[in-house]
Amino acid sequence: MAYAPENFSNLHYQNNGYLEDNSDLENNGNLIKTKDSAADDHHYHRQVLRTAHNMSSSSLRKKSELSLLSNVSVGFVRRTLSNINEVILGTKLAVLFPAIPLAIIAHCYHFGRPWIFALSLLGLTPLAERVSFLTEQISFYTGPTVGGLLNATCGNATELIIAIFALSKRKIEVVKYSLLGSIISNLLLVLGTSLLCGGLANLKKNQKYDRKQADVNSQLLLLAFLCHLLPLMFRCGSTNSDASAFAILQLSRASSIIMLIGYIAYLFFQLKTHRKLFQADEEVAVDGSDDVVLEEEAVPLTVILAWILGIEMDLDFNLLETGCLGFSILITAFTLQDGTSHYMKGLVLMLCYIVIGACFFVLRAPFQSTYISNLGLMKSSGGEFLGA
């Protein structure tokens with residue numbers, strides 16, 4: 001994590017991104033990672049990680065920080081203040097932190113919902129960046145694989161928090177649409193933007209990445225899609241709505257457990273048996289880890305949490321939503337299958353996201369009836385036509 005040396009005159013930057021003390025580096029070798037082989041040494045120095053200081057808003061703030069902290073006589077207090085300063089003020093986005101108390105005040109005094117939403121969004125932005133910063137600092141000690149996994153897991157904390165609060169209010173549709181929107185945006189918008197920007201920065205050549213990582217993650221995403229598709233198909237083929245609802249609930253809970261087992265196996269595969277596969281030096285890292293964490297961890301955990309709370313939440317996201325999810329997973333898998341990327345791939349992914357967004361914008365609200373009524377079909381139990 002952030003380190004505050006005793007002697008501020010001996011500050012210098014290391015290749016791995018740490019802020020260290022010259023005298024400490026000479027006398028204490030365990031401050032720097034030991035490298036057992038030349039290959040590990042090469043890979044270690046290839047890692048480019050952010051620190052709080054290279055995210056600083058200005059050189060003036062750095063000078064002020066050092067001069068103020070150097071006046072603190074107690075070493076423990078000085079290190080603590082330095083760490084707090086780097087974590088909170090070590091980013092240009094720190095100017096948005098006042099939006100957090102303003103959002104709370106707006107909620108308490110019953111301001112308009114657009115104001116509350118805007119302030120909450122502004123306050124959430126620096127918090128998300130700081131979570132990413134802290135997980136990258138942890139990766140100094142755990143390695144890039146564990147650090148990247150922590151980044152993907154903690155980066156989805158927002159979805160889990162929203163899901164927990166929405167479940168406590170029994171707003172199951174809010175939970176489903178929140179998770180679905182996050183998954184689709186990660187698959188199409190975030191990945192598409194990355195490929196587009198990377199392609200525009202390298203117009204004369206294709207970027208390359210390890211397709212083996214993408215293949216593993218695509219398989220897990222397809223497993224998750226199957227777990228969403230089966231409840232939908234089960235409801236389509238059922239003639240008894242009451243019996244099918246109970247069966248779908250049981251199937252969803254069993255599928256959630258299977259998805260968690262798959263995610264645990266994925267962790268073992270990534271961190272143990274095939275660790276080198278996920279540490280390969282590549283021009284660009286494209287693997288969809290965030291989507292795997294969302295689908296294989298956040299979604300099943302939400303279903304199981306609802307089960308514990310006595311709430312009936314299943315994996316049936318309705319026809320249009322499940323179709324959009326499946327299409328997003330399939331086009332992402334096809335995009336990443338050859339191990340190369342260029343700006344056209346990113347552009348297509350972003351256009352797909354825009355089309356899906358336009359579809360839900362025209363719809364304006366989640367389906368109030370079941371997917372069958374949206375198809376304009378007959379009720380499975382009788383002859384009433386629902387299309388009118």
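Backbone N, Cα and C atoms are what each Cβ position is placed from, and that goes for glycine too.
What TrEMBL records for this protein:
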- 87-109: transmembrane segment (TRANSMEM)
- 115-134: transmembrane segment (TRANSMEM)
- 115-271: domain 'Sodium/calcium exchanger membrane region' (DOMAIN)
- 146-167: transmembrane segment (TRANSMEM)
- 179-203: transmembrane segment (TRANSMEM)
- 215-234: transmembrane segment (TRANSMEM)
- 246-269: transmembrane segment (TRANSMEM)
- 317-336: transmembrane segment (TRANSMEM)
- 342-363: transmembrane segment (TRANSMEM)
Between the stretches 87-109, 215-234, 317-336, which wins on the count of C-beta pairs under 8 angstroms to the transmembrane segment (246-269)?
215-234
Any chance you could find the range in 87-109, 317-336, 342-363 with the most Cβ pairs under 8 Å to the transmembrane segment (179-203)?
342-363
Using a Cβ-Cβ cut-off of under 8 Å, list the residues of the same chain that are 6+ residues beyond the ends of the transmembrane segment (342-363) and lie near it.
184-185, 187-189, 191-200, 203, 206-207, 320, 324, 327-328, 331-332, 335
